Amino acid sequence: MGNSDRKPGLIKRLWKWWRTPSRLALGTLLLIGFVGGIVFWGGFNTGMEKANTEEFCISCHEMRNTVYQEYMDSVHYNNRSGVRATCPDCHVPHEFVPKMIRKLKASKELYGKIFGVIDTPQKFEAHRLTMAQNEWRRMKDNNSQECRNCHNFEYMDTTAQKSVAAKMHDQAVKDGQTCIDCHKGIAHKLPDMREVEPGF
């Protein structure tokens, strides 16, 4: 019996099977890719959902001991209707692409956490105005979209509002203003505002 009569080894047979496209090989690759994609997407979505919770937001003491305490005293936390807006409702866009962009930009906040930029109440207060202005700018740029997920000029019954509020809302619509133009500090203590243009 010569060498030519021997059956090829397992590795050679697998290599030949791999190199010779067949329906079975392509089907196997597609199945592996499909299952891998589902596993990746499921893990990615699970991670994103976990990172979009109030618990995640206050998991660092910088937030828990400062802005979260302020938020608990706000109408967004406790109100007559029982509807609560949590951190991601106001600070994370709902749409996929803007949400991903916001998550990437949040890496700067992670840098601040790691290197202790705002790890004491004094450091936090020293940076409060800059952090607030960054958030106000983001909200102004997206037309206060996170506010508008719950509040919308088009659906407001200004006749049911106090006269000063109705007047201001009507004027805001005429002037093309957005929520954050007037409602700064709605859920958190305002920073030293001497350098900031007043809302109303």
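Sequential numbering from 1, following the chain as shown.
Keep in mind that glycine also has a Cβ here, set from the backbone N, Cα and C atoms.
Binding of heme 1 is attributed by Swiss-Prot to Cys57, Cys60, Met63, and the same site annotation extends, among Glu49, Glu95, Glu109, to Glu109. The heme 2 site in the record is lined by Cys87, Cys90, His91, His188, and its two most distant CA atoms lie 12 Å apart. Counting neighbouring Cβ atoms within 10 Å of each of the binding-site residues (His91, His151, His188), the lowest count belongs to His151.
Confidence annotation: the topological domain 'Cytoplasmic' (1-23) carries a mean pLDDT of 72 in the model. Listed in sequence order, the binding-site residues near Cys147 (heme 3 binding site) (C-alpha within 10 Å of its C-alpha) are Cys90, Cys179, out of Cys57, Cys87, Cys90, Cys179, Cys182, His188.
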